[in-house]
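One structure below.
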Amino acid sequence: MAEGCMMALRYGMVFFNLLFWLGGCGILGVGVWLSVTQGNFATLSSSLPSLSAANLLIAVGTIIMVIGCLGCVGAVKESRPILLTFFILLLLIFFLEILSIMLFFIYQDEIDEYAQRDLKKGLQLFGTEGNVGLTNAWMIVQTDFRCCGVTNHTDWFEVYNATRVPDSCCLEYSDNCGLDNPGTWWTAPCYERVKDWLNENLVALWIFALCTALTQILGLVFSMTMFCQAVKVETFYA
């Protein structure tokens with residue numbers, strides 16, 4: 001009976017970690033695709049130039065693949081060290097996620113202030129040599145969210161030292177339209193537009209977060225149960 005339960009648990013964990021590993025492959029693939037197709041599409045942040053969507057996806061996908069692989073190998077071989085390593089890594093990630101969420105809500109105002117200040121610094125790099133990624137990122141954000149600047153379209157006046165904005169701020173895009181009448185520009189702040197979009201999709205974000213947490217908890221339960229069973233079996237035959 002115990003052997004049958006152990007076998008079912010092993011197959012369950014292998015299946016779970018196979019899905020986990022495949023998910024990591026998918027995330028890594030999207031990250032590589034973005035990196036190849038979008039070129040130097042980087043972050044809007046001036047202080048964290050390597051924190052691009054592509055790099056984040058590649059890093060997250062790689063971590064998930066490694067953890068999923070550890071879980072599969074540990075389940076198949078019923079290896080206590082590997083199962084324990086898998087459990088510790090997954091638990092560490094789980095706690096880091098909870099800590100990050102708590103810190104975000106506690107220091108939300110400070111994070112907002114820092115983010116806006118950092119984004120405004122990034123505007124100074126717009127269109128400059130070696131900052132193609134940041135330039136493309138701002139053009140896409142302003143076009144897709146129909147906004148201009150971080151907190152106001154006048155943020156660009158300090159960048160150009162003139163009453164003008166990038167062409168991506170125009171209601172109807174055309175070359176040098178950012179030099180024309182201000183009445184043809186988007187005036188909504190991009191920072192608030194993005195925050196509003198996140199709030200509108202808050203339910204979907206929470207569902208995704210809860211599903212992720214549930215998946216991690218299942219992984220922790222499976223691995224620790226298998227670890228305990230392996231200890232019992234080894235003790236019994238010792």
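All residue numbers here begin at 1 and follow the chain in the order shown.
Cβ coordinates come from backbone N, Cα and C, glycine included.
Taken from TrEMBL, the feature disulfide bond applies to Cys148-Cys169. Take the CB of Cys148 (disulfide bond) and look out to 10 A: across all protein chains shown you find 27 other CB atoms.
Feature annotation from TrEMBL assigns transmembrane segment to 12-36 (among others). Residues 53-69, 71-72, 74-76, 215, 218-219, 222-223, 226 of the same chain lie 6+ residues outside the transmembrane segment (12-36) yet bring a C-beta within less than 8 angstroms of a C-beta in it.
Among the features that TrEMBL reports, transmembrane segment is placed at 56-76 (among others). Counting only same-chain residues 6+ beyond the ends of the transmembrane segment (56-76), those with a CB under 8 A from a CB of the stretch are 10, 13-14, 16-18, 20-32, 34-35, 82-83, 85-86, 89-90, 93, 219, 222-223, 226.
Here TrEMBL flags 83-107 (among others) as transmembrane segment.
Here TrEMBL flags 203-222 (among others) as transmembrane segment. Within the chain, the transmembrane segment (203-222) has long-range Cβ neighbours (under 8 A, six or more residues past its boundaries) at 9, 12-13, 16-17, 20, 71, 75, 86-87, 90-91, 93-94, 97.
Around Cys169 (disulfide bond), the same-chain residues at least 6 positions away in sequence with a Cβ under 8 Å from its Cβ are Gln142, Cys147, Cys148, Gly149, His153, Trp156, Gly178, Trp185, Trp186.
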